[in-house]
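Here is what TrEMBL records for this protein:
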{"type": "DOMAIN", "residues": "38-301", "note": "domain 'AB hydrolase-1'"}
{"type": "ACT_SITE", "residues": "Ser113", "note": "active site, nucleophile"}
{"type": "ACT_SITE", "residues": "Asp270", "note": "active site"}
{"type": "ACT_SITE", "residues": "His298", "note": "active site, proton donor"}
Amino acid sequence: MPESPALYPKIESFDQGYLKVSDLHTVYYEQSGNPTGKPVIYLHGGPGGGVSSHDRRYFDPSVYRIILLDQRGAGKSTPTAELKDNTTWALVEDIEKLREHLGIDKWVVFGGSWGSTLSLVYAQEHPDRVKALILRGIFMLRQSELRWFYEHGGASNIFPDAWDEYVKPIPENERDNFIAAYHKRLTGDNEEERIRCAKAWSTWECSTSKLYVDPVEVAKASEDIWALAFARIECHYFFNKGFFKTDAHVLENVDKIRHIPATIVQGRYDVVCPATSAWDLHKVWPEAQFEFMADAGHSAKELATTARLVQAADEYKTL
């Protein structure tokens, strides 16, 4: 797939570290760009996806102090794929601990997919610490969103070939609730079955994340360690309904952040996090900049989406 010309050049990090956030969990973080610049934190998707060097490139390195964080159990954070004490609220507090550890007063928060969920919840809990929000592929972990992508009758109608591979590890008599069926296997004692299910779960998402299927993205799901962390943590969160008390938690708390400058970028043909979620958020938060990308699916790496995200980050350089 072609690389967006809007991206900033590749850079190396100037600092890498590990922050112990609980008796069990230690999270990895890194910094790149301008050490004395304006802080921005990149919150990855999944949950469980982890960060990569590519994620630094949405931000002007001469202006921004770019902070990437591997959330609990993901990427280089330890223990890998650990589910104990791994909740939305724990991640929110990890972000705060990292902010304090790095001596940052306020920062721009950037997140897509699950990263948009976490960005929104973090901002709702700590609005005084957020200068602006850049959000992509809106996901609010509502049951309607989970049913669309992980159960019959939604995305399965658009990607029936990939769907057939997703359902293969699950017996016919358990196919009325795929999240529960996968959760049982991804948390079970059978290592071979865990890996097989992790790859099937991850391949389903990687196969559907772009308007044009990207073989490189799909191949990532064949990596045992990455697939296991991604699938286990993601399924754990979805099985537990995001650890929210209500299904519409994010929407119900939007009034706490309506004063914060924000940009919402949504692929019109996003199959993973369909556009109705972004539209629902837009309707209760009209102050935020909102734009549909007419030729994009879910991924931040699609050309139009990438360009708009870089533009948003450039717009907030003066904050």
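Residue numbering: from 1, along the chain as shown.
Glycine is no exception: its Cβ is also placed from the backbone N, Cα and C atoms.
TrEMBL: automatically predicted annotations, no manual curation.
Shown here: features listed in TrEMBL, placed on the structure.
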residue: Ser113; record: active site, nucleophile; Cβ within 10 Å: 26
residue: Asp270; record: active site; Cβ within 10 Å: 30
residue: His298; record: active site, proton donor; Cβ within 10 Å: 27
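Of the recorded residues, the residue listed as 'active site, nucleophile' and the residue listed as 'active site, proton donor' place their C-alpha atoms 8 Å from one another. Across the structure, His298 (active site, proton donor) and the residue listed as 'active site' place their CA atoms 4 angstrom apart. Within the model, the domain 'AB hydrolase-1' (38-301) carries an average pLDDT of 97.
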